[in-house]
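K.L.:
Input: one structure, supplied below.
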Amino acid sequence: MAKQETPMPTLKLNNGGTMPAIGLGTISFNESDEKIKFATLTAIRMGYRHVDTASGYHTEVLLGEALQEAMKLNLVTREDMFVTTKLAPDEVDPRDIVPSLRNSLSKLQLEYVDLLMIHWPLQLKKGAKMPPREGDFLPFDLRATWATLEQCVEKGLTKSIGVSNFNVKILNELMSFAKIPPVVNQVELHPRWQQKRMREYCASVGIIVEAWSPLGAPGQKYGTHDLLANSTLQQIAQKHQKTTAQVCLRWIFECGCSSVPKSFNRLRMSQNFAIFDWQLDEEDHKWIDAIPQNKYFLAAFLCNKTTSPFRSVDELWDGDC
Ligand code: A2P
């Protein structure tokens, strides 16, 4: 299989490390284990060096097997890869964090991950699954949780720590006491949800904003076809003879952000990687800036008036929704 000719650029993290600008997203609800494993190995052969999972995705074991195979075939060494996982909301009690991370590491067959994230800014009872029931929420002590993530760095179980789905207010609170600041906040980000306030805030404190569902997750039950069907993006794609998906990913990259598009299809996987030998021009950026904004994933199921720390989606996203 042809490896991509343009190597993957990396983004500099605030701890001195680097992260490949595009990672393979691996959330999956309907693909077979074999397909996921094969796709991961295919991505590595193609030149992907960054894979993103979460304990809630149930793909850690498959990624672990694919990584082992890739190393056995001498395609990569452990050091070549940037592997990220996330603590689920029922794993963020300080007493649970190290055992949960060790469990993820055992599934991934790794000694350490490159980035460990808190998946959501909330805590659920042990064993509670998403979407949570009203009685599943627990008070979330971010300070204590973060101190334990910092210990994970000290223990060598992860190189970096970060967060996901944090709003600006909670991120700012975290920055006020973090001894090790988060390197990344992974959030919904694409041309239809540009996150200007979040990007400005993160740029001011040295956090990389990373895009999940950078293509709007077309074909997934939680996703939309609207983004790739956007006429402005389609016109820009036509102008550059690229796909709409490539325009989305290139725009994210030109914003200084990373992204983790999920594809288990070889052609689309290679298209999603091939965005580094061309660029958008000023006019394209003006057009994209003017696209009406629409947050697709509100996560209203995480809000209630009694037990959740967020009474409304407005609180969950600190008004950015
Ligand atoms: P597939 O795995 O069959 O390629 P997101 O990364 O925004 O969550 O989107 C994931 C969804 O988008 C998957 O259903 C994936 O399907 C599809 N997808 C991934 N890459 C592309 C692409 N380049 N063009 C169109 N659809 C894509």
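Each Cβ is built from the backbone N, Cα and C atoms, and glycine gets one as well.
Copying in the features that TrEMBL gives for the protein in this structure:
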DOMAIN    22-291  domain 'NADP-dependent oxidoreductase'
ACT_SITE  Tyr57  active site, proton donor
SITE      Lys86  site 'Lowers pKa of active site Tyr'
BINDING   His119  substrate binding site
K.L.:
Can you tell me whether DSSP puts Lys86 (site 'Lowers pKa of active site Tyr') in helix, strand or coil?
P.N.:
strand
K.L.:
Within 10 Å of each Cβ, count the other Cβ atoms and name the one among the recorded positions Lys86, His119 with the highest count.
P.N.:
Lys86
K.L.:
Which residues in the same chain, at least 6 apart in sequence, have a Cβ under 8 Å from the Cβ of Tyr57 (active site, proton donor)?
P.N.:
Thr26, Ile27, Ser28
K.L.:
Could you pull the average pLDDT for the domain 'NADP-dependent oxidoreductase' (22-291)?
P.N.:
97
